[in-house]
Amino acid sequence: MDFASLATEYQEKFDVAPQRVFFSPGRINLIGEYTDFNGGHVFPAAISMGTYAAYSARDDKQFRVYSANVPDAGVLTFSLDNLAFDKADNWANYLKGMLFELAKQDLTIDHGFDLFVHGNLPDASGLSSSASMEMLMGEILHAAYGMKLDEVEMVKVGQQVENDYFGLNTGIMDQFAIGMGKKDQAILLDTNTMDYEYAPLALGDYVVVIMNTKKRRELTDSKYNERRAQCEEALRRLQTKLDIKTLGDLNEDEFDENAYLINDDVLIKRARHAVFENQRTLKAFDALQKNDLQRFGHLVNASHISLNYDFAVTGKELDTLVETAWQQPGVLGARMTGAGFGGCAIAIVKKDNVADFEAQVGKTYEDTIGHPAEFYVAEIADGPAEL
């Protein structure tokens with residue numbers, strides 16, 4: 001998708017040419033799953049698939065918004081005077097939520113606009129289409145109203161929309177990965193301190209292949225909130241003896257020595273994943289820095305095993321993709337990415353093997369699950385921008 005095609009779509013819907021066009025990427029997480037609300041590290045990257053928008057300012061307080069991805073919703077309208085969540089406003093609640101949270105900061109928001117949105121992220125795939133939308137709206141609002149918020153501040157507003165406006169217990173990784181994305185760079189983020197460091201994603205003869213189960217996952221309908229509550233309860237029990245604020249404060253040995261305090265087999269497994277995954281993420285960052293791709297791949301594999309055995313968030317579809325990927329030539333590693341329960345996995349695949357990889361994994365998946373998977377080679381991209 002480019003400026004011209006999006007502008008044409010906008011003109012067909014609103015009968016005038018747009019004033020500006022914007023883009024916001026999606027994201028993958030290389031490693032560090034379910035660590036962001038446990039005070040641990042994550043290692044995500046923005047990708048070239050994402051969400052586009054064409055925009056024109058209005059001289060009143062009205063908003064008219066349309067998404068080519070949700071055509072049945074039609075043109076949705078709302079006013080600056082009523083930014084409360086309304087289920088009838090469908091996807092427009094992402095824009096309303098960003099406006100609602102930014103309005104709390106005494107920023108001048110004095111007019112509405114017309115907006116045409118078209119994304120190429122697969123729906124409900126776990127590639128963060130919601131965070132992509134939030135950061136897209138942040139970029140548009142930044143431009144529309146001359147806001148002085150920096151990228152990290154806008155990222156935090158996006159998380160507030162998820163937590164306060166939608167009532168979801170999500171961490172900050174998705175918004176951060178997108179809002180702070182850099183081309184060909186992954187981001188090691190300490191979610192406890194918000195310290196971050198970029199790492200060149202120099203994979204040489206290898207590429208990241210995204211594998212889509214085509215099984216929809218709904219964050220609010222999944223066991224995401226249950227897993228978070230389990231980790232919080234395990235932490236509370238550890239804190240009866242240990243002076244820690246998060247599970248991410250522990251290393252593997254410290255956890256093993258004190259796991260008896262949790263006194264519940266399921267909670268021990270959940271907490272063990274959080275602690276060990278955090279350490280794997282740090283080791284993976286170190287491996288990439290040293291160009292040790294074999295070690296990086298082994299850590300990626302270990303992450304999926306933990307997400308399956310200790311955290312129980314994978315499921316038959318993701319396990320079929322990942323376990324089949326492990327058996328293919330030219331594969332360094334593979335794991336689920338995102339919240340799980342469907343959605344996507346990633347594999348680090350030698351470029352020369354990609355076509356055969358997709359064919360073999362695709363055949364096994366369709367034979368096993370009964371419907372085809374989709375595959376995309378990930379390009380690591382910059383964060384939100386005006387085109």
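Just so you know, glycine gets a Cβ as well, placed from its N, Cα and C.
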Glu33, Tyr34, Thr35, Asp36 show up in Swiss-Prot as binding substrate; which entry in Tyr206, Tyr224, Tyr260 does that record put in the same site?
Tyr224
Are there any residues in the same chain, six or more apart in sequence, whose C-beta is under 8 angstroms from the C-beta of Asp174 (active site, proton acceptor), and if so which?
Arg27, Pro44, Ser128, Ser130, Ala131
Using the Cβ center of Glu33, Tyr34, Thr35, Asp36, Tyr224 as the substrate site position, which other residues in that chain lie within 8 Å, going by their Cβ?
Gly32, Phe37, Asn38, Val42, Gly171, Met173, Arg227, Ala274, Glu277, Ala339
In the structure shown, which of the binding-site residues Tyr34, Tyr224 has the fewest other Cβ atoms within 10 Å?
Tyr224
Residue, out of the binding-site residues Glu33, Asp36, Glu162, whose Cβ gathers the largest set of other Cβ atoms within 10 Å:
Glu33
Quick check on the binding-site residues Thr35, Ser130: which one has the highest count of other Cβ atoms within 10 Å of its Cβ?
Thr35
Taking DSSP three-state, what's Asp174 (active site, proton acceptor) in: helix, strand or coil?
helix
